[in-house]
Structure formats: C-alpha cells, structure tokens
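Enquirer: Have a look at the structure that comes next, please.
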Amino acid sequence: MYTCAPHFVSIKFPDLHSSKTLRPFGMSKREFKVFALASSVNEASNYIPAAPILIPEGPWNQIPGGVTAAKGFKAVGIYGGLRAKGEKPDLALVTCDVDAAAAGSFTTNMVAAAPVLYCKHALDISQTARAVLINAGQANAATGDAGYQDVLECADTVAMMLKVKREEVLIESTGVIGQRIKKDALLNALPTLVNSLTSSVEGAGSAAVAITTTDLVSKSVAIESQIGGINIRVGGMAKGSGMIHPNMATMLGVITTDALVQTDVWRKMVQTAVNRSFNQITVDGDTSTNDTVIALASGLSGSMSISSIDCTRAIQLQACLDAVMQGLAKSIAWDGEGATCLIEVTVAGTESEVKAAKIARSVASSSLVKAAVYGRDPNWGRIAAAAGYAGIPFHQNKLRILLGDILLMDNGQPLAFDRPAASKYLKMAGETHGTVKIYISVGDGSGIGKAWGCDLSYDYVKINAEYTT
C-alpha cells in the first residue's frame, strides 16, 4: 500500500482551493488534479504546484523540507535569466555545511552532456562534495569542449564563493540539447543565488521549482526515521516529465541525508536505490543525455557510522533511500507529458528481484499497454505479450494477470471477467489522475519487482511536436 503525501508549495493563481485544470502558457492542454495548495510561500516558488508523492508505507514519517530537511543542508532557487521565455526560477543551488559523502548515478547515453562528464570526473577524484548547482534552459549536451569549459568556469566560480574545492561542486543541467548554458547570465546570478541560501522549507521548494522544464508539478519530499535509535532524515527533489526511460529518464535529482555513512558504502546504497526507482520508470522510451542523481550524506544526525553494506543500520537507511527515490520516481511518471494516470506494474514469482523488475519494466514501457490504458481498454493480451518479450524465461502456463483486483488471466488461460467493470477501473484512474495497478505472477519464485509508467495520450505527441528538445 502507498500513502499520498502532498508537499505544500504555493502557486500563482488566485482562489485555487480545489481540483483544477491548469494550462501553462504555450503548452497544449494537460489535465491533472491539484492535491494540495497553500497561499503564501515565498515568491520564487509561486509558479507551479507540487506533485503528490506516493511513498511506500514503512517506519518513517513524511516531514516538510525536501532537500533541506536533513541537518546541514541549504537550498534556493531563483530566476537567473536562463530560460527562453518567462521568469520561472531556472537556477538552483543545494549546499552542505560540511564535507558530505557524495554519490552519483548518470545517464547511459553515449552523448553524455558536459555536466555529466564533469560530475563523473569530480566524483572519481573526490569522496566528498559541498554543493550541487542546477540550471534549467540549456542542456549543455553535444556542445563539445566549449560546453565543458563552461562547466569548469561555473564550478570554479561557485567554489570560490563557497570557499571549497572545485571538485566539491557538482553541476546538473536540463533544457535544450545542443545549446550551451547562458554562462554570462548564470555567473551574474551566482552572488544572489549564494546569498539567498536557506535551510527553510521555502528554500527547498524554490529549488524544486527551479529545476523543472516541461514538468507541470515540482517534486520534493522528505522523511524522518530512526537508525540505531537515532532520528535521521532523508530528503530529495527531482524533475522529469518527458524523455523518461530507463536507465533513469530525462531526470535530475538531488538526495540529501544526515545519516553518517562511509562513501564507498553510500555509493553502493545510492545505486541500489536508483535501480529500484529512477531506473524503473518510463514515459516515452527516450533516454536523455543529462540524467543525473547526486546524493549527499552530511553525517550530522549523530547516528553511528555505517561502514558495511550488510549491517542493520545500512539496511534501515537503504529502506529510507528506496522510499524517497521511489516516491520521486513515481511522481515523475505521474507527471508524464500528456498523461492522465500513473501505471504501476508489480511482477512476482521470478528467481530474483532483478528478473521481476525487468519484466515489470517491459510491461510499463509498452506503448501498446500505455495506449490501451488511455483508451480504457482492459487488453490483457498486450500485457501478456510485453511480459513475454522481456527476455526473462518463464512457463506461460504459470502466467497470472490482474488489473486492480480484477483477475484477467490465470494459469496461462484467459478468464471470463467483467469487462465493463475493468473499463470503469481504468476510466476512474484517468478521470482522477490516479493509479492503474497491474499485477503479474509468472511462477513460484520469491523475486518481486516493480516499475512505473503512464498512459500514452494524443497530448504527448502534441506537446513534443511543439517543444524543441
């Protein structure tokens, strides 16, 4: 089961206290439900509402703050003149007061953006980081050596202002491929950005808005739990709406925690959590040039150091990381371009989690399954076919498929089911921007895996026909 935990951020529309249809200027129509609105947070975040964050149930509580919830972290987002039009915040900075254990996960695209190449190098030579700078507007991908030099100059400038080493400043970019960052505008905005840093909820909210592009909602979440009897916090923010396909998606993410963990262990934990979350979402089958998740651990909670991946404290922290990243990942799929609902695929009965996850990802990625969900068609044949071509062997006479709680196929045989009820289930999910749950069993193994996607609508084509990637 999952709990819907809205993150409260203001939007710049008067008298909005119920579900509405919002249409950003210049965008084609996309309908969604606004789950939570507030009316008086700082101006920098007054542009788009926040996504509902569907975090798994567990021994944690959701708290305000996003990336600033954990001890030692500050953040802010401002308008720096980087976007092609409008004055939505487009430049964000997240900092840590101390040297934080640093980890990163990146795109598998061979045309990796300049900031991706830079971050990989920085993490190779430094175990720690102090800051993450994120810009929206230009991807700085396929920009050659000039684009890489832009990254170095930006990192040098931030490092000088914060009095840290260049390699302790990590950089993420999102926007139009082939365009270098507007370096002069960015550099001119940095003094204001650094001077505006805050540990407040508002700082986290403004940063989450600043990193968005075609997103209609910002994605930010934080939880509090206990490790060894000590309270620790894990927070995060992410962006993504299109070009969402494993590995990761066109997505950027920053994760923070105040747990104390050795860097080598932290990096293994972060990659595991990414594999269970951002690598399990899909919107359109495209893999971006800029995918990046940076995760920082300040160690300021007072918890004992985690030095082994197999110890109890590591297992507890891993569960918290998984919860935060899965919540953010699902909000990205929920916000898929043109989408009317989230699709969650759960697969059981394989020999391992990895095999189950691969089948789940195959089904969630299927354009035919996505189109059937949008058409409110309970087409179990498309689900079975997508499971079958995932590349994981199973006996088809073990195949079992449910749509919600409606059994469509069992023991590899189609069943007589209430088709109007199944169609209504899909229709209700679309009308409320809810979740369509597909359950698949392929055998008697203990492996369980999940993947998330969204339906495929006419609006997806319209949005991407009108937007320069």
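A Cβ is built for glycine as well, from the same backbone N, Cα and C atoms used for every other residue.
Copying in the features that Swiss-Prot gives for the protein in this structure:
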type	residues	note
ACT_SITE	T250	active site, nucleophile
BINDING	T213, K239, T250, E337, N464, T469	substrate binding site
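So that I understand the layout, could you describe where these features sit and how close they are to other parts?
Expert: Take the CB of E337 (substrate binding site) and look out to 10 A: across all protein chains shown you find 27 other CB atoms. According to DSSP, E337 (substrate binding site) is assigned to coil rather than to any helix or strand.
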Enquirer: Starting from each candidate's C-beta and looking 10 angstroms out, tell me which of the binding-site residues T213, N464 has the most other C-beta atoms.
Expert: T213
